[in-house]
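S.K.: I have a structure I would like to understand better, so I am pasting it below and will then ask my questions one at a time.
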Amino acid sequence: MRTKSLKKNRINVVTLGCSKNVYDSEILMGQLKANDKDVVHEEDGNIVVINTCGFIDNAKEQSVNTILEFVEKKQQGDVDKVFVTGCLSERYKPDLQKEIPDVDQYFGTTELPGLLSALEADYKHELIGERLTTTPKNYAYLKIAEGCDRPCSFCAIPLMRGGHKSTPIENLVTEAEKLAANGVKELILIAQDLTYYGLDLYKKRNLAELLENLVKVEGIEWIRLHYAFPTGFPMDVLEVMKREPKVCNYLDIPLQHISDDLLKSMRRGTTHEKTTKLLKEFRKTVPEMAIRTTLIVGYPGETEEHYQELKEWVKEMRFERLGCFTYSHEENTHAYNLEDDVPQEVKQERANEIMEIQSQISWELNQQKIGEVFNVVIDRKEGNYFIGRTEYDSPDVDNEVLIDATTVYLKTGDYYDVKIAEAADFDLYGEPLNVTTEKPKRKELKIKSV
């Protein structure tokens, strides 16, 4: 069926899931632009590409619902073609083809050339690092590796993304230079496992050397690290963080649990004692570091004693940033062979309690910031506030700094010294120092008479 409108050859890329998917969609859109294809936003395209997530049940449900939504639009004649790619398609392609046959074609996570061909575009190998960024202009994700070699019992990522494959340092530097040339000032380094970076290419953990090369890129102000693994963490990274002002005093390191019984069952390769020692070493070496972690509650076999151990440990460690999720029983994982024996309501109660504890910790830590001055980047304006972040905060998941937009003019993407005046549990309220109080007036256009 043909679309009701004349929107021909306009491609809408819909991205679901994590920052790695955002990056992959940006690469796809960069390739499409290089092929002179018209890439558009929601509702404007007659061709739709859905980049799905297949990590946990909620993400899978969202992906399936999105596919069904666009299939219905196709049936109604509002779009011509629907293509599906990403982790859900990689993991469940035969099932999806059977259950939702109205999708024109399904592609896995490594089938970009095939997807481009279906979109009547050529895969251009020479476009190293060139993409169409969808994040605010001041920051961008830099994916330094694909896949994962860890054997974590609960995780299906290796099924969808394959083994760990590091991107060469020179390629990443080239990509960073191109991003900086386009106005990007903050690089958020992402991978399934930053800790492993370089072992496959250089036979050693090479994250520190990568950072030393990236800090030389002109125009980059901040470099942020996301998704490290505790076992085998390269401690020389801390020395670079301490020495190089461009490397944010920030580390996202998912720890999942602290009970030795569960860490063993999860196949995390560490213990309560080793994990605590590692975190204390982080704080000793880089005292200003903000540590973000994520935890899982309700894993098979988690008893009340295991949970209490985790809860007390969270109180002891006082993480600057923390997220807590309920366990999702994923087929084809090692843990799927275990009984999912913690009731869902108990899982949710435990997650809620952990987040209540973290909210109090965050409030207490934020109160200590009142009166201090921080360098803040402005991400956007919402209503009567400019919204920014410190180097201790990543976009979307961490604290934000709110500045009254009725009293001062700030430029999105710029950095300002901001004095903190008030603090809530996850928000800071600040006053910028030494800035103009008015938005610059537009210059009048003077037309000379002839």
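In case you wondered, yes, glycine gets a Cβ from its N, Cα and C as well.
Feature list, courtesy of Swiss-Prot:
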BINDING   Cys18, Cys53, Cys87  [4Fe-4S] cluster 1 binding site
BINDING   Cys148, Cys152, Cys155  [4Fe-4S] cluster 2 binding site
DOMAIN    9-124  domain 'MTTase N-terminal'
DOMAIN    134-365  domain 'Radical SAM core'
DOMAIN    367-434  domain 'TRAM'
S.K.: For the [4Fe-4S] cluster 2 site given as Cys148, Cys152, Cys155, which other residues of the same chain have their Cβ within 8 Å of the site's Cβ centre?
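M.R.: Checked against the 8 Å cutoff, the neighbours are Arg150, Pro151, Phe154, Ala156, Ile157, Pro158, Gln192, Asp193.
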S.K.: If you skip the near sequence neighbours and keep only those at least six away, which residues in the chain come within under 8 angstroms of Cys87 ([4Fe-4S] cluster 1 binding site), Cβ to Cβ?
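M.R.: For Cys87 ([4Fe-4S] cluster 1 binding site), the qualifying residues are Gly17, Asn21, Thr52, Cys53, Gly54, Phe55, Thr109, Met160, Arg161.
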S.K.: Setting Cys18, Cys53, Cys87 aside, what same-chain residues sit with their Cβ within 8 Å of the center of the Cβ atoms that define the [4Fe-4S] cluster 1 site, listed in sequence order?
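M.R.: Neighbours within 8 Å of the Cβ centroid, excluding Cys18, Cys53, Cys87: Leu16, Gly17, Lys20, Asn21, Thr52, Gly54, Phe55, Ala59, Gly86, Leu88, Met160.
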S.K.: Between Cys148 ([4Fe-4S] cluster 2 binding site) and Cys18 ([4Fe-4S] cluster 1 binding site), find the distance joining the two CA atoms and give it rounded to the nearest Å.
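M.R.: That comes out at 15 Å between the alpha carbons.
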S.K.: Summarise the domain 'MTTase N-terminal' (9-124) by DSSP state, stating how many residues are helix, strand and coil.
M.R.: 55 helix, 23 strand, 38 coil
S.K.: How many other Cβ atoms are found within 10 Å of the Cβ atom of Cys155 ([4Fe-4S] cluster 2 binding site), counting all protein chains shown?
M.R.: 21
S.K.: Is Cys155 ([4Fe-4S] cluster 2 binding site) helix, strand or coil when read with DSSP?
M.R.: coil
S.K.: Let me know how many other Cβ atoms fall within 10 Å of the Cβ of Cys148 ([4Fe-4S] cluster 2 binding site).
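M.R.: A 10 Å sphere around the Cβ of Cys148 ([4Fe-4S] cluster 2 binding site) contains 22 other Cβ atoms.
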